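Just below is one structure, and these are the notes that go with it.
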């Protein structure tokens, strides 16, 4: 078997090859008329891939399924148990074939946040050290709102002819999660996002989109650097 040159290329620390970065988004959910149904997946994959390029960590691709609360019916999702099982299987496969020991999961879909409660068990069943990065979720704002629109502009996946229709909330109830009354009652953050979209509308700002991406990418790179320290 050939001896691998772990120091080859633009690599600051050869131990980074033991670290993987994987996106966790959602491929099948509505985001209003201006955004594709796999917006979350593409945003998460971009962040994970760019962080991989900058740090040298292994890019592991993206998890296929996603979870969502029952009271938010805006796409096709799986149960939390099924998502957990898929993540375990995916990470075990990466560990087997790529010899990784640590992973940063880049979450770009708010519905996946409950998976954080299962991280201890996922680590136990994969024997991996895992960091769950939620930076983009905490900064992008409402579902289908200005943050996602602006990042979509950066990626070139926005339908600009439909931006004016993005806030037709009677037709596109998923924008800001406006039409999901039970979810709004249960979560003050969802209620705040829905009101923001209703009262202030949405806008597209490519500079803002780049700033959001930079914040998220830098956060993931920082997590990778933390994993290098132990």
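Glycine residues also receive a Cβ, built from the backbone N, Cα and C atoms like all the rest.
Here is what Swiss-Prot says about this protein:
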BINDING   29, 40, 109  Fe cation 1 binding site
BINDING   31, 40  Fe cation 2 binding site
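The two recorded residues, residue 109 (Fe cation 1 binding site) and residue 31 (Fe cation 2 binding site), show a Cα separation of 12 Å. Sequence-distant neighbours of residue 29 (Fe cation 1 binding site) (same chain, 6+ residues apart, CB-CB distance under 8 A): 37, 40, 66, 68, 74, 75, 76, 77, 109, 174.
In sequence order, 37, 39, 40, 143, 144, 148, 174, 175 are the residues near residue 31 (Fe cation 2 binding site), counting only same-chain partners six or more apart with C-beta under 8 A.
Listed in chain order, the extra residues whose Cβ falls within 8 Å of the Cβ center of the Fe cation 1 site residues 29, 40, 109 are 25, 26, 27, 31, 38, 39, 41, 66, 68, 75, 108, 110, 111, 112.
The Cβ of residue 109 (Fe cation 1 binding site) has 26 other Cβ atoms within 10 Å, all protein chains considered. According to DSSP, residue 40 (Fe cation 1 binding site) is assigned to a helical segment. Counting Cβ atoms from all protein chains shown, residue 40 (Fe cation 1 binding site) has 31 others lying within 10 Å of its own Cβ.
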